[in-house]
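Record features (TrEMBL):
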COMPBIAS  1-15  compositional bias 'Basic and acidic residues'
DOMAIN    526-614  domain 'STAS'
REGION    1-30  region 'Disordered'
TRANSMEM  136-158  transmembrane segment
TRANSMEM  178-198  transmembrane segment
TRANSMEM  204-223  transmembrane segment
TRANSMEM  258-277  transmembrane segment
TRANSMEM  284-305  transmembrane segment
TRANSMEM  342-365  transmembrane segment
TRANSMEM  377-396  transmembrane segment
TRANSMEM  416-434  transmembrane segment
TRANSMEM  441-463  transmembrane segment
TRANSMEM  475-498  transmembrane segment
Amino acid sequence: MDHSTEEAQTKEMDIRSLSSSHRHSQSERYIHKVGVPPKQNLFKEFRETLKETFFADDPLRPFKDQSRSQKFILGIQTIFPIFEWGRKYNLKKLRGDLIAGLTIASLCIPQDIGYAKLANLDPQYGLYSSFVPPLIYAFMGSSRDIAIGPVAVVSLLLGTMLQNELDPINEKAQYQRLAFTATFFAGITQVTLGFFRLGFLIDFLSHAAIVGFMGGAAVTIALQQLKGFLGIKKFTKKSDIISVMHSVVASAHHGWNWQTIAIGASFLSFLLFAKFIGKKNKKFFWVPAIAPLISVILSTFFVYITRADKQGVQIVKNIKKGINPSSVNEIYFSGDYLLKGFRIGVVAGMIGLTEAIAIGRTFAAMKDYQLDGNKEMVALGAMNVVGSMTSCYVATGSFSRSAVNYMAGCETAVSNIVMSCVVFLTLEFITPLFKYTPNAILASIIINAVISLIDIGAATLLWKIDKFDFVACMGAFFGVVFSSVEIGLLIAVSISFAKILLQVTRPRTAILGKVPRTTVYRNIQQYPEATKVPGVLIVRVDSAIYFSNSNYVKERILRWLEDEEEEVKAATYQPRIQFLIVEMSPVTDIDTSGIHALEGLHRSLEKREVQVNA
């Protein structure tokens, strides 16, 4: 009995031993190693990288396996998307577009007159810019919701930069020619970026910098309107807050006009109340949309019957009647102003592009459809090139009008065509009626429009999430407010690039600890309950390792090790660090400099008698 039991135990031990050795051999057999990627010649590798960079969306996919006639049709639809969605157009969509178009037209007409003044141009040029460009965009644009026309920020930017080159009053003809030249090159810049698929360049301007820049521009625009709001005749040409406030205070005793202030304050209150109603109840979106036009009509009628213009109330006076005259011969294609127009146009074009793409993406996400950024750039550029030849200045997507367009139930870009037709009728028949429109009401409309550009909620969120982003935001904001729009823009771009360089050259690293009652290891700063493993240091690298950051990664890991060794010496009953584990899951790429840096790290650890695993 004892002999048989002993034999059974021996067999069981043999089986366990065999099973254990089998598992051991299995585990050895299935060790996973990093595979070597298939060899590619230099040309093929370069071509694949180029394709992924510029043609990640594979734009030629629809053309595969198609006949020549079908390829031609697809090509036309690619350039003019209206021929694609136009086939499915119906009366129901027309009804939505008609209502939306009429609504944004009532908003754009008074805004355009005011925005033209921001650009130091005659009022009709603002209306011109809401007639031709929206028609071109309706045929070439891919956004269903964006409303095209002059916008406050670009108008101010253009006016400020042009004013630095020419006096808009004493050199009016040359000033207008330079404005058309800048518009032409703004369009060329936008078309070039879209055609060569360089749209990713505008993404280098960070969201934080845009929030700060827009907020600063809104404050600057509002301060500029104090001239019309207070009835001041002599006003500074500078845009910084110190110069503007000095000009306002200096003219307080003799330059303010109380009738103008009364008109401006009363109608600004009306506009703000209308905006409050629209926000309170989305069904009344049309109230803030038509409020500016109502304000213009009422204030114009009031000034006309009381002849307040005789009491010092400044009015618009005559707006040139008729549609856009040709301006092809007025664009500078040679001479000293060519380079100036090119420089101003590139800056204005980039800012207009950034605003339009951001607006288009926002509403595309809300309606769940795809927006081709490169097509948008070509469409925006084409409309500005054509606009520069038809007496328009830089037009782009307007957030306030696009929001109204969306809430009014627009279905397609036909709403822009409807708006353009209303502006055409205004230019042909109604412009003489704006003669007695007070400048104060235009100032009130612009102040009311730009208030929404100051996004305090976004700035607060930046402070909570990322202090560096908040610094970028405030840098752009104060640059615009205390210096100029160009300086603010330069600061915004500089800070955006500085952040990119900082993240590339100084990637984040973290010490990991074991979360209690789990097998999970997390950053000990984010998870205070996570505990370090005695004798082991686990470091995570949260970035690709390139030539630009490889030395920093190596040195940072060694500093982590030194810090831990000092803590071990200070503590009692703590084993020294014997193992270093580098968690490299987030490392998506590594170049030769990174490999050499890791080799150097390995040699340094060998001297310290620390084993390393990655």
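Every residue gets a Cβ built from N, Cα and C, even glycine.
Sequence-distant contacts of the transmembrane segment (204-223), counting only residues of its own chain at least 6 positions beyond either end whose CB sits under 8 Å from a CB of the stretch, comprise 118, 152-153, 156-157, 239-241, 244-245, 354, 358, 446-447, 450-451, 453-455, 458-459, 462, 466, 469-470, 472-481, 485, 488-489, 492-493, 495-497, 499-500.
Among residues of the same chain six or more beyond the transmembrane segment (475-498), those with a C-beta under 8 A of the stretch's C-beta atoms are 156-157, 160-161, 204-206, 208-213, 215-217, 219-220, 238-242, 347, 351.
The helix, strand and coil residue counts that DSSP assigns across the domain 'STAS' (526-614) are 37 helix, 17 strand, 35 coil. Across the candidate stretches 178-198, 284-305, 342-365, 416-434, 441-463, the maximum count of CB pairs under 8 A to the transmembrane segment (377-396) is reached by 178-198.
Sequence-distant contacts of the transmembrane segment (178-198), counting only residues of its own chain at least 6 positions beyond either end whose CB sits under 8 Å from a CB of the stretch, comprise 54-55, 119, 121, 125, 158, 161-162, 165-166, 327, 330-332, 337-338, 340-342, 344-346, 348-350, 352-353, 373-389, 391-394.
In terms of C-beta pairs under 8 Å, the stretch of 136-158, 342-365, 416-434 lying closest in packing to the transmembrane segment (441-463) is 136-158.
Mean pLDDT of the predicted structure over the domain 'STAS' (526-614): 89.
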